[in-house]
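Taken verbatim from TrEMBL:
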- Arg126, 150-153, 227-229, Gln233, 287-290, Arg476, 487-488: substrate binding site (BINDING)
- Glu146, Asn148, Glu391: Mg(2+) binding site (BINDING)
- Glu146, Lys326, 387-396, Tyr398, 421-424, Glu447, Lys478, Glu484: ATP binding site (BINDING)
- 218-323: domain 'Glutathione synthase substrate-binding' (DOMAIN)
Amino acid sequence: MAYPPSLTEAQKQYLHSSLTDYALAHGLVVRPADSLAPTNPSNTLATAAPVTLFPSLFPREAWMEARDVQEMYNELYVRVSRDEKWLGEVMESLKGVDEFMERLWAMHLKLRASGFAQSLSLGLFRSDYLLHQAEGDEEVSIKQVEFNTVSSSFGALSTRVSDLHRHLFSIGAFPSSPALNMDALPANPALDELAAGLAAAHEAYLAQQRKQKKNNVVILFVVQPGERNAFDQRWLEYTLLKTHSTPVLRHTLAELHSLAHISPSTSVLTIPHPSGTTVEVSTVYFRAGYAPTDFPTQTEWDAREMLERSMAIKCPTLITHLAGAKKVQQRLAEPNQLEYFFPSSYSNLISRLRRTFTALYPMDAHSQPGKLGRHLALQNPEKYVLKPQREGGGNNIYRTKIPTFLNSLPSDAHFDAYILMELIEPPAARNTIVRGGELLEGGVVGELGVYGVALWDAAENEGGLRVNREAGWLLRTKGVESEEGGVAAGYGCVDSVCLV
Ligand code: ADP
Ligand code: MG
Ligand code: MG
């Protein structure tokens with residue numbers, strides 16, 4: 001089957017203009033890059049977010065499996081977050097070679113020594129996959145790229161792109177194709193589910209504090225200055241207000257350093273409201289603080305520490321943020337680690353999780369797997385990607401660039417800051433990426449992300465999981481020639497699934 005169907009020039013124009021106007025009218029937008037809008041008076045300009053012209057074909061069974069294992073993945077990362085000793089050993093291995101991780105972990109340990117004010121914890125997670133087809137095999141399966149525990153973005157825009165493609169189908173903007181029908185284009189609940197997760201934390205806080213639902217308790221979004229993907233976050237804010245009557249305020253870490261106050265006696269976090277009142281913060285949702293560049297000065301570090309110390313529920317706490325390290329993913333793929341975290345009654349689910357793993361190697365000189373990792377990275381790098389403990393895209397080193405990169409490090413002790421991962425090579429498809437008003441047609445690869453919501457009580461060892469849900473999905477598509485697929489980092493675009 002030829003997919004996507006070909007377009008006449010007139011069809012292409014109708015599809016492109018219908019898509020653009022729908023995106024602009026429905027807030028499927030980002031702030032423009034400076035190059036696109038050199039003058040942007042009072043930040044009044046927005047531009048259609050990069051999306052695909054057609055929804056991309058995606059095997060229904062693989063999509064179902066990724067969604068089915070999400071609750072199990074949520075539970076795994078909740079269990080990792082609770083196991084300070086296990087996580088501490090992983091963090092120990094990054095000491096002296098990854099200053100950022102070391103500093104976050106030190107902050108966790110320092111605050112832990114004086115005891116945490118809040119034991120409830122919220123995770124808005126996203127597990128990312130590429131499709132994998134073994135040679136000579138008909139079946140395609142999902143292989144995990146990474147698991148995100150902090151700032152998992154694009155939930156709102158991904159809901160909007162599913163709506164967009166359903167709309168374009170409804171108005172007949174797609175030429176007919178056997179693949180394209182309404183059953184193949186599922187509505188994506190990510191926006192509502194993620195907002196419901198934040199609302200659940202807010203409600204839990206109010207119940208804990210024996211407070212009525214009031215306007216003087218808010219959810220705080222911690223954001224980066226000049227964030228271009230602000231509307232993805234704004235949609236969560238608007239949904240929280242409309243569906244859950246829960247107000248939101250947004251601030252950067254630097255702003256919070258001077259605005260936020262923490263009560264010495266109760267650890268309650270308060271911030272001023274622009275109306276002149278003071279409001280209490282139930283939940284701190286981090287869409288910043290995952291990259292070293294989010295902490296240009298001590299001010300931002302101090303603000304992060306104050307937020308962590310407070311009574312507000314954090315999404316995520318420092319320990320859950322660190323549980324999303326690539327090093328944790330690598331360690332979890334070692335033999336018997338899943339068995340360590342789950343009781344034996346989970347054996348069936350454990351094998352389903354393990355089926356999503358691809359080969360991962362440590363890079364230390366002291367273990368057998370580490371020696372193998374070093375050998376592959378230096379002698380045989382063509383099939384591998386080298387990853388530091390960073391988030392946000394654009395940080396990995398690919399294939400033959402790996403040895404030169406490693407040899408440029410100050411010493412081979414610094415290899416330990418990385419993990420080596422086998423490259424997943426998904427089947428290429430065709431689509432058209434619509435970006436900055438241009439249509440770029442060619443070979444593409446899609447990365448499926450599945451969102452998860454977990455709310456748990458860290459003070460309880462078992463049974464403290466209050467909410468555990470699969471929360472919709474994201475399909476991000478990039479040109480085959482690009483190694484990275486991050487939308488915000490400028491490599492890819494938001495897509496939706498056409499299930500086959
Ligand atoms: P980040 O936390 O910065 O998003 P990722 O692990 O997701 O880091 O890597 C960024 C991108 O690199 C992915 O979106 C994907 O396009 C590519 N990538 C990462 N790991 C692999 C892999 N094992 N095989 C193929 N591509 C990969
Ligand atoms: Mg990530
Ligand atoms: Mg990623």
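For all residues, glycine too, the Cβ spot is worked out from N, Cα and C.
What TrEMBL annotates, mapped onto the structure for a quick look.
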| residue | record | Cβ contacts under 8 Å, 6 or more apart |
| --- | --- | --- |
| Arg126 | substrate binding site | Phe147, Asn148, Ser152, Gly155, Gly449, Val450, Tyr451, Gly452, Leu474 |
| Glu146 | Mg(2+) binding site | Ser127, Asp128, Gly324, Lys326, Gln329 |
| Ser151 | substrate binding site | Phe286, Arg287, Ala288, Gly289, Tyr290, Glu391, Gly392 |
| Pro388 | ATP binding site | Asp98, Lys326, Asn395, Asn396, Ala417, Tyr418 |
| Leu423 | ATP binding site | Lys383, Tyr384, Val385, Tyr398, Arg399 |
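A straight line from the CA of Arg228 (substrate binding site) to the CA of Lys478 (ATP binding site) spans 19 Å. Residues Glu146, taken from the binding-site residues Glu146, Ser153, Arg228, Glu391, Tyr398, Lys478, are distinguished by a CB atom under 6 angstroms from ligand 3. Comparing Lys478 (ATP binding site) with Gln233 (substrate binding site), their Cα atoms are 22 Å apart once rounded. The two recorded residues, Ser153 (substrate binding site) and Gly394 (ATP binding site), show a Cα separation of 16 Å. Note: Gln233 (substrate binding site) has non-local neighbours Ser153, Ala156, Phe221, Val223, Glu227, Arg250, Arg287, i.e. same-chain residues 6+ apart with C-beta under 8 A of its own C-beta. DSSP assigns Glu146 (Mg(2+) binding site) to a strand segment in the three-state reduction. In the structure shown, across all protein chains, Tyr290 is the one of the binding-site residues Tyr290, Tyr398 with the greatest number of other Cβ atoms within 10 Å. Under DSSP, Leu423 (ATP binding site) is assigned to coil, being neither helix nor strand in the three-state scheme.
Listed in sequence order, the binding-site residues among Glu146, Asn148, Ser153, Ala288, Tyr290, Glu391 whose CB lies under 6 angstroms from an atom of ligand 2 come out as Glu146, Asn148, Glu391. In the three-state DSSP reading, Arg126 (substrate binding site) counts as strand.
Per-residue confidence over the domain 'Glutathione synthase substrate-binding' (218-323) averages out at a pLDDT of 98. Lys478 (ATP binding site) carries a strand DSSP state (E or B).
Listed in sequence order, the binding-site residues among Glu146, Ser151, Arg228, Gly394 whose CB lies under 6 angstroms from an atom of ligand 1 come out as Glu146. Around the Cβ of Lys478 (ATP binding site), the number of neighbouring Cβ atoms within 10 Å comes to 20. Within 8 Å of the centroid of the Cβ atoms of Glu146, Asn148, Glu391, where the record puts Mg(2+), the same chain has further Cβ atoms from Arg126, Asp128, Phe147, Thr149, Val150, Ser152, Gly324, Lys326.
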